[in-house]
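Colleague: I'd like to ask some things about the structure below.
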Amino acid sequence: MTATTTPPDTSSPYAELKAPTTARRLLTAPTTGPLVALLLACAFFSLSTDQFLTGGNFSLIVQQVMVVGTLAIGQTLIILTAGIDLSCGAVMAFGSIMIAKMAAEGSLPPLAAIALGLVVCGGFGLLNGLLVQKIPLPPFIVTLGMLNVAFALTHIYSEEQTVTNLPGPLTALGQTFPLGGTDITYGSLVTIALFLLFAYALSSTGWGRHVYALGNSPEAARLNGIRTSRLTIGVYTVAGVLYGIAALLLISRTGVGDPQAGQTDNLDSITAVVLGGTSLFGGRGSVLGTFIGVLIVGVFRNGLQLMGVASIYQTLITGVLVILAVTVDQLSRKKAR
Amino acid sequence: MSRTTRLSSSLLRTAAVAGVAALTLTACGSGSGSGSASAGSDSGEVKVGLITKTDTNPFFVKMKEGAEKAAKSEGVELMTAAGKFDGDNAGQVTAIENMVAAGVKGILITPSDSKAIVPAIEKAKAKGVLVIALDTPTEPESAVDALFATDNLKAGELIGEYAKAAMKGKTAKIAALDLAPGVSVGVQRHNGFLKGFGATDDDVVCAQDTGGDQAKGQTAMENCLQKEPDINVVYTINEPAALGAYTALKAKGREKDVLIVSVDGGCTGTEAVKDGTIAATSQQYPLKMASEGVKAVVTYAKDGKKASGYTDTGVTLITDKAQDGVTSKDTAYGLENCWG
């Protein structure tokens, strides 16, 4: 239970800056509620339908949430700095149409097209970060503008056409391999690996603690010697690259480059972050929580569908869950003060 | 101090979650209660999936109603799903996967993206699921087992012929309020109209996309009138766009001397034909598409016979100002058969 490294800001009056260890966060922190919700939902759907509790179905759920999940990692990083990113879905759509078109119709080899897509998405993130940090503008406004920019560029660049006949490497992550009688997609593994990587980075590296510190109080973080400007721009850029990876996962999953993609994914990623117990006011939360949040949405959608409940109920329930999650966050903050 | 608040906050969360679980139970209970089968009972009952573009468009609401009725009378279980918005391909892919996992015998789908949905449909077909496209064909059309839809070219032709007759030889200045670029339904209706009218795209003085939305239809018409004040024929992709166009024309005092024609045959639209806002509309039959689809799945489940090819679900010209040489029915018939 003792912290192995001391955060650089223990002397500050902001108690929450103290970074808990991974174990402690898992046991007590905001992840507990979402985890219980996920388990309850799973138990409920297992009892209600015969098809829910199978390996194949769980593999399917992870596969279905991998795109929003990867976006939500980037969203979590940004929300932890007390920002928000409304452009993530649109940036991903642009990345996906770019990768698909460059490889299928352009002259680029598939791997170069993928690399280009990651760089371009990272570029969008960098631009978001610069505008938020250097001018500075509110993240909500910057990313709202960028949402429209990326959306329009997607439609201009694609000429409203879906790109088909993708070369093999672009859809490789959508392929499956058998594991214990069920089929797992490679993309699911990529998503899970990314979640683990960022969970580690946030809980056990100096960078991670700085992100939390920045979200709690940029001024205190700056006074404690954190280079907040560089950190903020870096977080937005890393998020952009993650959207590029999500773009690749998206085309591998659907097998096409779709200019209409991602239109509600920005809100879906925020939903996942909030359900996972990360505070929209920054500084509190974790990517593991977000993973659970993503799974909650996926499990509800899949389970209700298996039960034969119309999709509008999924929307209803997701809405109620989000309001409850934010309410709980607000109430617990009030008590903490 | 912070420890205890952390703990109590997690307790609070748990309590909240339990509340939601209870709510979910109730919602699910009422949802499946109104359906044809009790949820989760695996009695070997045939399951049919219906995936529409959205949950909210009255056209799809009617489609769902037709499917529900047919499912009830055939004694099969109907599962429904929809995209979050028109064009939500990923949402439809997820719905297909979930329905296949639930063990449906057949899926009826109105594709949001004719091309992008194809790989997912092929995966479902590979697992022995019959897939029928309703209303909108896939690209290529052969990606599905069968297509039950309105002949959209014919729907356009009917209102084109009608408009030609109604103009009685006057020179036409046509505005076209279209759907969206590259969407086959819109292209076919547009081309059908021109064919029926005996016109070409050169005769269209103003063409705008509306997404089939009333507000966008109004804006489009306002801009068209700004560009060409003497427009006298307005082709519209559907009745919401037509009603938007009417509002714009009325603001300019032009509503009496401009002919508006449309396609769809929704109840609001048919009422608008009755009160003279729209001159004529081509009525299509979503309820029939869905009920025929359900029946085809039942046939497949019973004797393994797959529906194939294109089935025209019919289209009727509805107007109260019939023109010589153009076959039509009046709004009384239209209102009896309208949807929405």
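Cβ from N, Cα, C; glycine included.
Not my notes, these are from TrEMBL:
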- A:26-47: transmembrane segment (TRANSMEM)
- A:67-99: transmembrane segment (TRANSMEM)
- A:111-131: transmembrane segment (TRANSMEM)
- A:137-157: transmembrane segment (TRANSMEM)
- A:184-202: transmembrane segment (TRANSMEM)
- A:233-251: transmembrane segment (TRANSMEM)
- A:272-300: transmembrane segment (TRANSMEM)
- A:306-328: transmembrane segment (TRANSMEM)
Colleague: Any chance the transmembrane segment (A:184-202) and the transmembrane segment (A:272-300) are in contact, meaning at least three CB pairs closer than 8 A with a sequence separation of 6+?
Modeller: yes
Colleague: Excluding the flanking five residues on each side, which residues at least 6 beyond the ends of the transmembrane segment (A:233-251) place their CB within less than 8 Å of a CB in that stretch?
Modeller: 66-68, 70-71, 73-75, 77-78, 80-81, 83, 85, 88, 91-96, 98-100, 114, 117-126, 128-130, 132-133, 166, 170-171, 173-174, 187, 190-191, 194, 211, 257-258, 261-262
Colleague: Hey, which bits of the same chain come close to the transmembrane segment (A:137-157), Cβ under 8 Å, at least six residues off its ends?
Modeller: 78, 83-91, 93-94, 97-98, 101, 124, 127-128, 131, 259, 263, 266
Colleague: In terms of Cβ proximity under 8 Å, which residues at least six beyond the ends of the transmembrane segment (A:67-99) contact it?
Modeller: 113-114, 116-118, 120-121, 124-125, 128, 132, 139-140, 143-144, 146-151, 153-154, 157-158, 163, 170, 190-191, 194-195, 198, 202, 211-212, 214-215, 218, 231-232, 235-236, 238-240, 242-251, 253, 257-266, 268-270, 272-273, 276, 278-287, 290-291, 293-294, 297
Colleague: What residues elsewhere in the chain lie close to the transmembrane segment (A:111-131), defined as a C-beta under 8 angstroms and at least 6 residues from its ends?
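Modeller: Same-chain contacts beyond the ends: 74, 85, 87, 91-92, 94-96, 98-100, 102-103, 137, 139, 142-143, 146, 150, 169-170, 232-241, 243-245, 247-248.
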